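Scroll down for the structure; my scribbles are underneath it.
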């Protein structure tokens, strides 16, 4: 079906004429495919315009922002991806621990708390269950201290027994050799979130890590021509200027295929348990601005950070992937990295479809799954 351009009638408030410029540039792109590469390279906004959009503070401007970001998403992404999760181990050797972490053993009784390491059989059963639910993509995450060996182990098992697309996330705990090994076994995406590029803030909330180590891993992923996922953790004390600088660092210094936008959500028992939660609206705004900078990439919202019941905020903002979605047949008790609550598959699918969007699923498998596990 031909994509038709519609200019919204929402009134532009204040001096944010940036919306008019965005509308005109998007219209120009749609009417002239010859400018595709230039459009992708430059996006729809620059640093100053991004900062103006971060400072919007009324419903009219929010609606306008979400409208254009969603239309850009819909042009490039015809379906909304759904990514499930396998947590391989929470035995983390980072010391001292990240101040917000509720994933690592011993950090929060709301999280896993007790140490675990999945067996090969548990990884296999989890992957098969995820594929049988109709989900087509999985994230395999590991704590630090293994030089990538744990995610390599998981990748080999998942690829052997399923056709799932695989993202692995071990943060900075990857060497050049482990990245080469991941490529050898067919990795689709490697995630290494920078979280913030404000070095002082990074060191404050992640005292056991160095930002340089995460940047090094991102550059190695680019070096070996593997899709790179790297995102922002927002609401941890960064400024809007920090977010803009971070997004344009990704734009100008790295080749990024996926950006997760993760809002801070406090875990009880951690040093940041009393730090305010990042609202779903703030996350949606950040997603929308990211979409205008990166028109065609996968922008991800994990259900534990947006809030499992608030996924539609992320979709309003132009997200194209909902992550940490857990089917009822998953054999493990999965808890979110930013929040113990995760998204239920059937509920996430309904939230996507209620907005007139199409989930990316193996529908035959999903329908069979519903016959067994549906309400």
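Cβ coordinates come from backbone N, Cα and C, glycine included.
As recorded in Swiss-Prot:
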DOMAIN    78-302  domain 'Radical SAM core'
BINDING   92, 98, 101  [4Fe-4S] cluster binding site
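The Cβ of residue 98 ([4Fe-4S] cluster binding site) has 104, 205, 206, 207, 208, 209 as same-chain neighbours under 8 Å, each 6 or more residues away in sequence. Other than the site residues 92, 98, 101, same-chain residues with C-beta atoms no more than 8 angstroms from the centre of those residues' C-beta atoms, the [4Fe-4S] cluster site, are 94, 97, 100, 103, 104, 107, 143, 144, 206, 208.
In the predicted model, the domain 'Radical SAM core' (78-302) has a mean pLDDT of 97.
Neighbours of residue 101 ([4Fe-4S] cluster binding site), defined as other CB atoms within 10 A of its CB across all chains, total 23.
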